[in-house]
Amino acid sequence: MEPTELTAGDFTEHSDPFELFRLWLADAEKTEINDANAMSLATVDEFGMPDVRVVLLKGLDEEGFVFYTNFESQKGQQLLAQHRAALCFHWKSLRRQVRIRGTIAPVAEDEADEYYASRPRGSRIGAWASQQSRPLPDRETLENAVAAYERKFEGEEPSRPPHWSGFRLTPVQIEFWHDRPFRLHDRMRFDRESETWRKTRLYP
Ligand SMILES: Cc1cc2nc3c(=O)[nH]c(=O)nc-3n(C[C@H](O)[C@H](O)[C@H](O)COP(=O)(O)O)c2cc1C
Ligand SMILES: Cc1ncc(COP(=O)(O)O)c(CN)c1O
């Protein structure tokens, strides 16, 4: 890949990891074919066995990174029990990676209500119909559940299911990685130190 404005430049000068993350996400929105906000979410189960799946980043503020899911799903149960997780973004079009580790807390009820209300009606009904991560005998069972909830909420706005909400990951560590020739990549890690961030360059 020829270096461009997006693939060259020195990100290692940045001192605010949130600001740098926002710049990289904005770049990725321009270059990824879809879902630039997709991130791998790593958790551990009650036996310390790792698990990982992709979710979408739906909010970012000074407290952290927000995503939405079913709290009774595998990830929901793992996050409620362990309160810790890691995220990984890989933007292939930019040859960039961001890794984030931190603590997990559910978002406030009103924050979840507001996001749920912004989703298409079909997705809101779907959140009721899907018993995410539990066995489903056949597709028809799911479609019947969707039809039943469509009848239940006919003529009204579906309320947010009590088991559907968001988690916020508050980072303690954020690492930025950028591809460089001959695998001699640039890596910069930020470690939270109460109100500030300590910055460390890492061997590739
Ligand atoms: C691009 C992409 C985005 C996804 N976004 C979400 C999401 O935001 N929330 C969610 O619950 N599942 C999302 N999924 C589905 C999850 O990867 C996963 O299959 C599901 O949440 C069940 O995970 P669990 O059994 O570990 O709880 C997404 C999948 C893909 C491929
Ligand atoms: C099951 C599920 N829940 C939630 C989401 C989050 O995205 P949205 O709120 O835009 O549906 C996704 C995105 N793929 C998803 O697959």
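One is the number of the first residue shown, and numbering goes on along the chain from there.
The backbone N, Cα and C atoms fix where each Cβ goes, and this holds for glycine too.
Annotated features in TrEMBL:
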| type | residues | note |
| --- | --- | --- |
| BINDING | ARG53, VAL54, VAL55, LEU56, LEU57, LYS58, TYR68, THR69, LYS75, GLN97, GLN132, SER133, TRP177, ARG187 | FMN binding site |
| BINDING | LYS58, TYR115, ARG119, SER123, ARG183, LEU184, HIS185 | substrate binding site |
| DOMAIN | 27-148 | domain 'Pyridoxamine 5'-phosphate oxidase N-terminal' |
| DOMAIN | 164-204 | domain 'Pyridoxine 5'-phosphate oxidase dimerisation C-terminal' |
Assuming the binding residues for FMN are exactly those in the record, ARG53, VAL54, VAL55, LEU56, LEU57, LYS58, TYR68, THR69, LYS75, GLN97, GLN132, SER133, TRP177, ARG187, what is the maximum CA-CA distance in angstrom, rounded?
36
In sequence order, those binding-site residues of VAL55, LYS75, SER123, ARG183, LEU184 whose CB lies under 6 Å from ligand 2:
SER123
Under DSSP, is TYR68 (FMN binding site) helix, strand or coil?
strand
In sequence order, those binding-site residues of LYS58, LYS75, LEU184 whose CB lies under 6 Å from ligand 1:
LYS75
Indicate the candidate from SER123, GLN132 with the smallest number of other Cβ atoms within 10 Å of its Cβ, considering only these binding-site residues.
SER123
Do you know the DSSP helix, strand and coil residue counts for the domain 'Pyridoxine 5'-phosphate oxidase dimerisation C-terminal' (164-204)?
3 helix, 29 strand, 9 coil
Note down the number of other Cβ atoms within 10 Å of the Cβ of ARG53 (FMN binding site), including every protein chain shown.
13
So, by DSSP, how many helix, strand and coil residues make up the domain 'Pyridoxamine 5'-phosphate oxidase N-terminal' (27-148)?
43 helix, 43 strand, 36 coil
Which number gives the other C-beta atoms within 10 angstroms of the C-beta of ARG183 (substrate binding site), all protein chains shown included?
7
Within 10 angstroms of the C-beta of VAL55 (FMN binding site), what count of other C-beta atoms is obtained when all protein chains are considered?
17
Maximum Cα-Cα separation (Å), residues LYS58, TYR115, ARG119, SER123, ARG183, LEU184, HIS185 listed as binding substrate:
44
Starting from each candidate's C-beta and looking 10 angstroms out, tell me which of the binding-site residues LYS75, ARG119, HIS185 has the most other C-beta atoms.
LYS75
Identify, among the binding-site residues LEU57, LEU184, the residue whose Cβ has the fewest other Cβ atoms within 10 Å in this structure.
LEU184
